[in-house]
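Working notes for the structure below.
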Amino acid sequence: MRVTSLLWSSLVIPAAVGFQVRFKPSEDTALDTVDDGTLQSLLDNIGLNGSNAWDTRPGLVIASPSKKDPNYFFTWTRDSALVLKCITDAFAAGNTALQETIHEYISSQARIQLLNTRSGGLSSGGLGEPKYRVDETPYNEDWGRPQADGPALRATALIAYARWLLENDYYDVAKSIVWPVVKNDLSYVSEHWNTTAFDLWEEVNSPSFFTTIVQHRALVEGINIARALDETCPHCESQAPQALCYLQSYWTGTAVRSNYGQGRSGLDVASILGSIHTFDPEGECDDTTFQPCSARALANHKAVTDSFRSIYKINGGIKQGEAVAVGRYPEDVYFNGNPWYLATYAAAEQLYDAMYQWNKIGKITVTDVSMPFFKDIYPEVQTGTHESSSPEFGNIIAAVKAYAEGYIEVAKKYTPCTGMLSEQFSRDNGTPLSVADLTWSYASYLTVMARRNSVVPASWGEKNARDIPSTCVPSSATGPYQTATITHWPPNLTPTAQPSPCPTALPTKNNVRFRLLATTQVGEDVFLVGSIPELGSWDVKKAVPLNADIYADNCHQWYVDIELPTAVAFEYKFIRKRGGEVVWEQDPNRKYTVPQTCGVSGAIKRDTWR
C-alpha cells in the first residue's frame with residue numbers, strides 16, 4: 001500500500017473483538033472462547049500507550065513499527081481510518097476499554113487537519129495528504145499525493161462513533177466535538193471526489209474504484225448524520241448520487257476495472273476491499289453499490305482471485321474453485337509481487353459478507369453474470385432464484401462457506417508460529433516478507449473473523465442510496481471548512497445500554513498466555529517480571545519462568561500461562577538468566593491490560609525479545 005503499501009491467523013471470538021452479533025449464527029458455528037491477542041497486537045501500534053508506538057503522539061496509528069527496509073513508521077490517513085473503524089465497531093458493541101483510544105484518535109485527526117502540507121491547507125486540498133510523521137508534523141518528501149480515499153474513510157470511522165454517542169444520549173458531544181472534524185472531511189470529499197488522485201496502493205494517479213466507492217458511502221453517511229445532528233450537508237446530498245453514477249463506469253461487464261494506466265489489466269484486490277468496506281448488513285445484493293453478494297461483486301471476486309492462480313508458485317496444483325493466495329494485482333512488482341495477508345483475508349471476508357446477506361434476505365439469485373463464480377465451487381448450480389427453504393440454498397451456502405474457509409486456511413498456512421503478521425508472504429515458498437506487525441493486517445484479520453461468526457457493523461443506509469439518478473454529470477460541490485479544536489473530552493461517556501448483554505457475570509480472572517519469540521542458548525532461561533504482585537513486582541527473584549517445551553529450530557518460542565485479575569493494567573518486561581547473570585530486554589516497559597470480556601476465558605499476548 002505505500003509505493004509499497006500496507007496478517008497471521010489465529011482465532012478471536014466476537015466478544016473478544018467486541019462487535020455485536022446482529023444475525024444469529026447457525027447451530028454448527030463454533031464461537032471461539034479465547035482472545036488470541038490480535039486486538040492487542042493492533043493496539044500495540046497506536047500511540048501513546050502502544051508498546052510499539054510509545055514515541056508517537058497520542059491517537060496516531062503507525063502503519064508498522066518497522067523503521068527501515070522499508071520504513072513504515074509513519075501514520076497514513078487511510079490505514080488509520082480503517083483501523084479505527086474496526087476499533088469503533090468493537091467499542092460500540094460493548095468493548096468499552098477502547099473509548100480512550102477512539103478519543104485520542106479523533107483529537108489527533110483534528111490537529112492533523114490543520115497542518116499545511118505539500119497537498120495544501122485545511123480548505124485548499126490539504127486533507128488529501130496521505131501520510132504524516134509520528135510527531136504530527138508534515139511529511140515533506142516526494143510521495144504519491146494527493147490521495148482522496150483517506151478523508152472519506154476517516155469520516156466513516158468518526159460517524160460510527162458519533163452514531164454511538166447519539167444512541168447513548170450524548171448529542172452535544174457528537175455535535176460539538178465529532179461533527180466539526182467530520183464536516184471538514186465531507187467538504188473535501190464533495191469537492192474532490194471527481195478529481196484525479198493516487199489509488200490506495202499509492203502508485204497510479206487515476207480514477208480509482210476503491211476511492212469512489214468509499215467516497216459514495218461517506219457522502220451518504222454524511223447526509224444521515226447531519227440530519228441526526230440537526231445540521232445540513234447539501235453538498236453531500238448533491239454529490240452522493242453523482243458519485244454513485246460514476247461508480248458504474250468501473251464495471252466492464254465481467255469484472256471491475258479498479259484503475260487506469262501503467263499497462264495493467266485493472267484486476268485488483270482493491271475492488272474486493274471496496275466491496276467489503278461498503279458492505280451493509282441491511283442491504284441486498286445490489287449491483288449498483290457492488291454489495292458483496294451482488295452478481296457483479298461475485299463475478300469480480302472470481303476474476304481477481306483467478307488472476308493469481310497461475311503466477312504464484314505456492315498456488316501450483318490448486319484446483320479451480322479452491323482458495324488460493326491473493327496479492328494486490330497480477331502485474332505487481334513491489335518486493336517481486338507477492339501475496340498479501342490482507343488481500344487473502346479480504347477474499348474470504350467478501351464471501352462471509354455474502355453469506356450473511358443471503359441468509360438475511362432468504363434467497364440466492366444466480367444470474368448469467370454470477371454463474372461462473374458459482375459454477376467453480378458448485379458445478380450443479382442452475383441460474384434462477386433459490387429460496388432459503390430449498391435444498392439448493394443450503395448446498396450453495398455450504399459450498400461458499402467451504403470456499404471462504406479455504407482462504408482462511410491459506411493465510412494460516414503461511415503465518416509464522418508467533419501469529420505476528422507481516423505485509424506479504426513469498427510467492428515461491430510462503431515465507432513472510434516486507435514489514436512485520438502491519439496494523440492494517442491485524443484489523444483485516446479481526447474483521448474477517450467477525451464476519452466468519454456472522455458479526456457485523458451497523459448499516460450505513462445503502463438501501464436508500466442505491467438508485468442511479470436519471471441525469472449523471474461530472475460535478476463537485478464546495479462545503480464549509482472550519483478549525484475543529486478539541487481541548488478535552490467530557491468524562492464518564494458511559495453506555496446507557498449494552499447492545500449485546502452478557503448472559504453471565506463478567507469474569508474476574510483471565511488465564512493469559514504470554515508468548516515470546518526469543519533465540520536463546522543452552523543453559524539460558526527466560527522470565528517475566530512486572531509491576532503487579534503476580535509478576536513479582538519488579539523483583540527479579542520473584543520473576544515468573546517461561547517454558548521452552550515448544551521451542552524448535554523453526555520457531556524459537558517461549559511461553560507461560562498466568563491467571564491474572566481482569567481489567568488490571570500493568571507494565572512488564574522479559575529477562576534472561578544464565579547462572580547468576582540477569583539480562584533485561586531494552587526499554588521501554590511493555591504495557592498490557594487484562595481483557596474482561598463476556599465469554600472470554602483466556603487471552604494471548606504475543607511479543608518478540610528486544
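Even glycines carry a Cβ here, placed using N, Cα and C.
According to Swiss-Prot, of the candidate residues ASN49, ASN492, the site noted as N-linked glycosylation site is ASN49.
The disulfide bond recorded by Swiss-Prot for CYS472 joins it to CYS245 [selected from CYS236, CYS245, CYS285].
The DSSP secondary structure for CYS236 (disulfide bond) is helix. The Cβ of CYS236 (disulfide bond) has LEU186, SER190, LEU219, VAL220, GLY222, ILE223, ALA226, GLY479 as same-chain neighbours under 8 Å, each 6 or more residues away in sequence. Least crowded of the disulfide-bonded residues (CYS233, CYS245, CYS285, CYS293, CYS472), judged by neighbouring Cβ atoms within 10 Å of its own Cβ: CYS472.
Geometry remark: GLU202 (active site, proton donor) versus ASN194 (N-linked glycosylation site), CA distance 18 Å. The DSSP breakdown of the domain 'CBM20' (504-610) into helical (H, G, I), extended (E, B) and coil residues amounts to 9 helix, 54 strand, 44 coil. Averaged over the domain 'CBM20' (504-610), the predicted model reaches a pLDDT of 91.
It is 11 Å from the Cα atom of CYS245 (disulfide bond) to that of ASN194 (N-linked glycosylation site). In the three-state DSSP classification, CYS245 (disulfide bond) falls within a helix.
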